[in-house]
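> Dropping a structure here in structure tokens format, bear with me for questions.
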Amino acid sequence: MEIIEIIKEFKKDISTILKDKLDRVILFGSYARGDYDEESDVDVLILVKEMPTLKEKQKIIKIASRYSLKYDILISPIIYKKTIKTSFIDEVENYGVEV
């Protein structure tokens with residue numbers, strides 16, 4: 001399965017937890033650039049309208065772990081509030097792949 005399809009499925013699963021809090025999911029890093037190898041992790045930025053609770057974050061990590069085992073990849077989710085603006089967020093928004 002293509003990485004984009006895996007991340008779309010991941011987004012669908014986390015949206016059941018985050019519901020209206022979820023704004024966007026962006027693939028970034030080596031998989032977005034296309035220069036990944038078998039050691040690369042899958043960097044995923046989760047932009048939210050409102051920060052999830054600790055319990056919701058734990059569920060997201062659990063889902064990422066499940067996907068990592070199922071597809072033999074390491075999904076590394078990072079959660080940011082969409083109103084936070086940093087050079088990191090700007091770079092991900094400019095060069096990442098929205099899923």
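Each Cβ is built from the backbone N, Cα and C atoms, and glycine gets one as well.
Note that the structure is predicted; figures quoted are calculated from it, not measured.
Got these off Swiss-Prot a minute ago, pasting:
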- ASP41, ASP43: Mg(2+) 1 binding site (BINDING)
- ASP41, ASP43: Mg(2+) 2 binding site (BINDING)
- 29-43: motif 'GSX(10)DXD motif' (MOTIF)
> How do the residues of the motif 'GSX(10)DXD motif' (29-43) split into helix, strand and coil according to DSSP?
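The counts are 4 helix, 2 strand, 9 coil.
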> Determine the Cβ neighbour count for ASP41 (Mg(2+) 1 binding site): the number of other Cβ atoms within 10 Å of its Cβ.
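So the number of other Cβ atoms within 10 Å of ASP41 (Mg(2+) 1 binding site) is 14.
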> Looking only at Cβ atoms, how many others are within 10 Å of the one on ASP43 (Mg(2+) 1 binding site)?
20
